[in-house]
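If you look up TrEMBL, you'll see 1-129 marked as region 'Disordered'. According to TrEMBL, the feature domain 'PRP1 splicing factor N-terminal' maps to 11-159. Annotation source TrEMBL lists compositional bias 'Low complexity' at 34-56. Annotated compositional bias 'Basic and acidic residues' per TrEMBL: 98-109, in sequence order. Per TrEMBL, the feature repeat 'TPR' maps to 831-864.
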Amino acid sequence: MSSFRPGVGQAPKGYVPGLGRGAAGFVTRSDVGPASRPAPSSDAAAGDASAPSLDAVGGSGSPSVGKADDGPTGGEGMEGSLFSGADQNFDDDDDEADRIYDAIDERMNSKRRKHNDDGASAATGSAIGDQFRELKQKLADVTEDQWAAIPDVGDYSLRHKQKRREDVFTPLTDSLLESRSKVNSDATAGGKNAMAGTTQVLDGTATYTAGYRTNLSGLAEARSTVMTMSLDKMSDSVSGQTVIDPKGYLTSLSNTKIASAAEVGDVNKARLLLKSVRDTNPKHGPGWIAAARVEEAAGKTVQARKLIMEGCETCPDSEDVWLEAARLHPQDQAKTILAAAARRLPTSVKVFLRAADLEAHDSSKKAVLRKALEANPTSVTLWKAAVDLEDADDARILLSVAVEKVPHSVEMWLALARLESYENARKVLNQARKQLPTERAVWIAAAKLEESQNHGDMVDRIVDKAVRSLDKHEAVVTRAQWLKEAEAAEAAGAPLTSAAIVKCTVGRGVDDEDRQRTWADDANAALSRNAVATARAILAHSLAAFPTKRGLWLQAVDLERKHGTASSLDEVLAAASERLPRTEIFWLVRAKEKWLAGDVDSSRNILTEAFKANPDSEPVWLAAVKLEWETGEIERAQKLLERARERAPTARIFMKSALLERECGNFDGALDLLEQGILRYPTFAKMYMMGGQICSEDLKKDRESLDRARKFYQRGLQNCPKSVVLWCLASRLEEKVADYGAGSASAGVTKARSLLELARLKNPKNAELWVEAIRLERRAGNDKLAVSLMARALQECPSSGLLLAENISTSPRVEQKSKSADAIKRCPDDPRVITAVADLFAGERKHDKARKWFERAVILDPDMGDSWAKFYAFEQDAGTKEARENVKQRCIAAEPKHGELWCQVAKAMPNRRKTTAEHLEAVAHGILEKMQQFN
């Protein structure tokens with residue numbers, strides 16, 4: 001493209017090839033030339049002496065870039081340097097730019113050098129002087145005057161510090177000089193705490209008094225001496241005693257609050273916050289109160305008082321601010337503050353009450369309250385406070401005025417009525433009823449007033465009229481509120497008023513089908529709150545509405561038995577027997593109560609009436625027999641049983657008949673009666689048991705008696721194979737065949753073992769049979785077999801309390817604790833397990849724990865006689881007389897009937913007529929004897 005084309009002339013001026021088609025021109029390095037700047041010619045230097053050279057502009061004095069060994073030169077095809085030519089002119093802006101760039105380069109170079117130096121010092125370990133290198137560089141700017149003004153280095157080492165401090169002097173105070181003079185005078189008089197004279201040497205240091213200047217060490221010594229004198233003054237004349245109470249002193253120290261840094265910070269924040277509150281709303285009284293309390297909590301009482309007084313000035317209409325100010329100030333100042341508050345707020349009741357509280361004498365308090373009543377005649381609170389300070393006569397006068405000023409206050413009317421006589425009280429209450437027609441308290445007060453005068457008929461009329469009047473005036477009084485009023489009347493000693501309220505209001509708002517259940521619940525609820533009269537009234541109303549409900553009568557009987565008298569209980573039982581003559585329990589309970597009270601004739605008459613109403617009732621016949629039996633009328637009891645066998649020949653009648661004959665020693669007659677009963681009732685197991693016991697225990701112990709007893713038991717087992725007790729009695733009989741001369745002991749044990757195995761086959765999973773088998777083996781000396789049987793029994797009956805208790809009591813001592821824990825996990829509420837654990841603690845002499853577990857056992861099952869007997873035996877061994885008596889009385893009240901040990905003693909023929917207390921003593925005595933043998 002560089003060749004010349006013919007026919008085309010020279011390109012015009014300003015022509016740029018390719019511009020029309022969008023091509024742009026560019027400059028290459030060859031066009032620019034080498035980067036080095038050639039040395040200026042002498043002509044150029046002469047022609048423009050003022051123009052600085054490029055080196056001068058750079059200011060570095062270094063050779064130019066064009067002198068580099070490998071750089072391009074002008075002879076290498078370059079057309080010339082960019083800055084070449086003598087006609088290049090440099091202006092001031094170019095010079096300024098060069099200086100700026102040079103400064104930047106120098107700054108960057110210095111930073112690089114510093115970085116390189118730091119790295120080298122870290123690698124080689126820098127010297128201490130290198131750390132002050134930058135600071136030393138600034139020393140170049142220090143002038144000679146500044147160098148001269150630098151002070152000399154002093155000696156501040158510790159070895160000279162004490163000496164220099166002793167060289168510092170300060171003037172003495174007058175009080176110290178006076179105390180020093182007094183000490184010197186005491187020393188002259190022979191005091192033991194004397195200080196030295198005017199000049200004293202202490203550890204080589206002198207104390208100077210001239211010019212009232214002294215050494216600081218002397219000040220410390222003087223302070224120590226003064227403190228010693230103060231302590232000596234507080235001591236008594238007797239050596240070793242002090243008038244300071246050490247406990248009180250320590251208490252005061254413990255009460256001293258030491259604020260932590262966090263608490264101080266919180267107080268400061270609270271101050272700032274409350275200051276903002278006061279500044280924002282200065283008329284806001286709670287803000288001033290809060291600020292004062294913050295200062296009080298911080299221990300700055302003076303500042304708190306100052307703040308609250310400022311609050312009183314800013315918020316003069318806030319009674320709370322005035323009251324807070326009175327609280328923060330002493331009593332005398334508080335009176336002044338409250339006087340100002342009363343003048344500012346004459347209608348503030350709180351201010352006057354607080355002012356009255358600050359007065360020490362009643363006369364002053366009365367004056368304050370009367371002044372308050374002048375300003376607030378309708379304040380009930382002020383009237384109450386004023387009345388409380390007066391005696392009865394003056395209080396009556398005040399109340400007569402009070403009811404005129406505040407006729408809407410029912411409390412004032414009632415208080416006035418209480419202070420008046422009966423006639424005047426009626427007038428007062430009538431006036432109150434007119435003023436307050438919807439207030440039930442006035443009507444109730446009128447009823448109480450009539451009851452206090454023994455006007456019982458008026459009470460019901462007043463309460464009934466009250467209910468109708470309140471309904472007329474549309475006063476809303478709920479049924480629950482009326483019942484509360486009834487309980488309150490009972491608590492105030494007005495049972496008739498309580499009963500009248502219940503009678504008139506207990507049925508309000510209750511559906512007919514829910515009345516019995518609701519009223520029974522109301523009676524129980526009132527009884528739980530010890531409102532016995534209210535509960536009695538509710539039940540009386542319920543029985544009037546439902547006279548044939550057995551449950552309500554039983555509830556009423558239970559209430560009278562626990563909270564009533566013997567006469568009230570007899571009245572309820574008589575009414576129940578009259579309403580429900582076919583229910584034997586009311587006849588029987590009434591007859592028993594009379595018998596326990598010693599009135600046997602009345603008890604007989606009651607049972608006679610019961611026979612008329614229930615001629616074929618087995619319980620009535622047996623109760624009559626028991627009455628005659630217990631009172632020693634054996635013939636009458638036999639006749640009654642004979643008539644009973646004709647009229648009501650039940651199995652129990654035959655059994656009781658045989659039992660009576662057995663007790664009388666007529667064993668043949670008893671066996672005949674048992675045979676008659678067995679013919680009628682062949683599945684009644686107790687007849688077979690009694691027959692076997694008579695033959696084996698009461699008759700002569702020979703082979704004939706043994707055979708007769710075996711026959712009874714065999715017949716019983718055939719007809720009653722599920723009777724566990726019968727199986728146990730049969731096995732015990734076989735175990736004792738040696739006593740009857742019918743075989744060896746081992747043969748008897750073998751026969752007994754086989755019987756028990758057969759019993760377990762017919763009655764699987766029966767714990768009593770397993771226990772009997774285990775005890776049989778232990779009595780026979782087969783302990784290993786007993787342990788094996790126990791393991792099998794626990795596998796078959798893992799939750800049996802009887803087995804678990806037996807396992808605890810028969811295990812080695814080292815295993816008893818673990819077995820007790822396992823038993824409690826399996827049966828936590830079984831009284832036999834709990835009793836076994838208690839026995840374990842008692843054996844370890846842990847009396848408190850044992851007593852706790854015995855208590856738990858008798859609470860779980862009060863009918864378990866064994867628990868009571870073991871508890872009583874424990875108290876006999878380790879308790880007090882009071883504890884033993886307490887357990888005994890509780891057992892008598894519970895009347896237990898069950899328990900293995902208990903039944904063995906209670907059902908024995910010699911003990912049948914004994915009381916519960918005697919049974920308890922006998923069982924406990926046997927337990928103690930067994931414990932002594934074991935120990």
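Even glycines carry a Cβ here, placed using N, Cα and C.
No curator has checked TrEMBL annotations; they are predicted automatically.
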For the repeat 'TPR' (831-864), how many residues does DSSP put in helix, in strand and in coil?
27 helix, 1 strand, 6 coil
Contact set, same chain, for the repeat 'TPR' (831-864): CB under 8 Å, 6 or more residues outside the stretch:
801-802, 804-805, 808-809, 816-817, 820, 823-824, 870-871, 874, 877-879, 890-891, 894, 896-899, 902
Going by DSSP assignments with H, G and I as helix and E and B as strand, what are the residue counts for the compositional bias 'Basic and acidic residues' (98-109)?
12 helix, 0 strand, 0 coil
On the 0 to 100 pLDDT scale, where does the repeat 'TPR' (831-864) sit on average?
93
